[in-house]
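Here is what Swiss-Prot records for this protein:
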BINDING   Gly19, Ala20, Thr21, Ala22, Thr23, Gly24, Lys25, Thr26  ATP binding site
BINDING   Thr21, Ala22, Thr23, Gly24, Lys25, Thr26  substrate binding site
REGION    44-47  region 'Interaction with substrate tRNA'
SITE      Thr109  site 'Interaction with substrate tRNA'
Amino acid sequence: MNLDFLSLSDKHNSVVVLGATATGKTSYAVGLAKELGGEIISADSRQVYKGLDLGTGKDLKEYGDVPHHLIDICTLEREYNVFDFQNDAYKAFEDIKRRKKLPIFAGGTGLYLDSLIREYELIPVPKNEELRASLAGKDLTELQKFFFEYNVPMHNKTDLENMDRLMRAIEIAEYKKTHPDAAEILNANRPDIRPLIIGLKYPREILRERIRLRLLERIKDGMIEETESLHKEGFSWERLESLGLEYKFTAQYLQGKIKSREEYVDSLYRAICQFAKRQETWFRRMEKNGVKINWVLK
């Protein structure tokens, strides 16, 4: 591996390997870990779940003897989120540093990575039943207007389109307003993460072909059967669809919502390509917010 540009000094105490889906992040991170004595912290919103293997590209053999963290840490009964990730990633980072190894964050979930790099203030906020009762009956537009009155940043703008998430955002904004010292307490206990950030990128047409070939390989290896098995274990179609992409389209295909295998493969392929574009957009936004990404064109 060519590490000529990789200069880890006192300025950096960790590495981030990011990129769109199918850019080879895990393989690259494993190579770095072997060269630099590192351990990998996964930043993938679905690889945290046990049982989501083929659909998430969770190839544990690829890690070899390189230690990895935040993979297979919870079951599908639980909704894992960015707050959980930030806390778990902090713990993994400190554990790795205590053992004098190099933490390497690797993944494509931009929200998760951004929460570490730009230090989102994610505070444990209890439910406010009184506030929820006062807002009951308001429609989405009214809740959005109410939220904007707090004048606080929204890290994930899709939360504005979901009633439950928007209600939670209002709850958090109200808590911060009434507990102004909460963020200071959080920041005082936050580990000092100063990563060198490496971004992997392929030309568009090559990336699309990599996505296509990988999808066909996953289907051949049993991704449809994996999804069917999860449903037989008791997980609803709705839960599987909520996981997005591979599990969403495969669940729809198994239910007969997608009529043919050809339509299933084509629809899923196009959705993954669109997802890759959204990931690239997220990383560009991170750069606009001052995050320095060292891009490696593959």
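One-based numbering along the chain as shown.
Glycine is treated like the rest: Cβ placed from N, Cα and C.
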Query - Per DSSP, three-state class assigned to Gly19 (ATP binding site) - result: strand
Query raised in the report: Whole-number Å distance between the CA of Thr21 (ATP binding site) and the CA of Thr109 (site 'Interaction with substrate tRNA')?
Result: 9
Report summary line: Lys25 (ATP binding site) and Thr109 (site 'Interaction with substrate tRNA'), compared by Cα position, are separated in whole Å by 12
Report summary line: Across the binding-site residues (Ala20, Ala22), the Cβ with the fewest other Cβ atoms inside 10 Å is that of Ala22
Report task. Could you check the binding-site residues Gly19, Gly24 and say which one's CB has the fewest neighbouring CB atoms inside 10 Å? Result -> Gly24
Query raised in the report: Cβ distance under 8 Å to Thr26 (ATP binding site), same chain, sequence separation 6 or more: which residues?
Result: Ile40, Gly57, Asp59, Glu62, Tyr63, Ala106
Query raised in the report: If one measures from the C-alpha of Gly24 (ATP binding site) to the C-alpha of Thr109 (site 'Interaction with substrate tRNA'), what distance in angstrom results, rounded to a whole number?
Result: 14
Report task. Identify, among the binding-site residues Thr21, Lys25, the residue whose Cβ has the fewest other Cβ atoms within 10 Å in this structure. Result -> Thr21
Report task. Identify, in sequence order, the residues in the chain of Thr109 (site 'Interaction with substrate tRNA') that are 6 or more apart from it along the sequence and have a CB within less than 8 Å of its CB; answer 'none' if there are none. Result -> Ala43, Asp44, Ser45, Phe85
Query raised in the report: Around Thr23 (ATP binding site), how many other C-beta atoms are within 10 angstroms of its C-beta?
Result: 24
Report task. Helix, strand, coil: count each for the residues of the region 'Interaction with substrate tRNA' (44-47), based on DSSP. Result -> 0 helix, 0 strand, 4 coil
Requested in this report: Taking the recorded substrate site as Thr21, Ala22, Thr23, Gly24, Lys25, Thr26, identify the other residues of that chain whose CB atom sits within 8 Å of the mean position of the site's CB atoms, giving them in sequence order.
Outcome: Gly19, Ala20, Ser27, Tyr28, Gly57, Gly108, Leu200
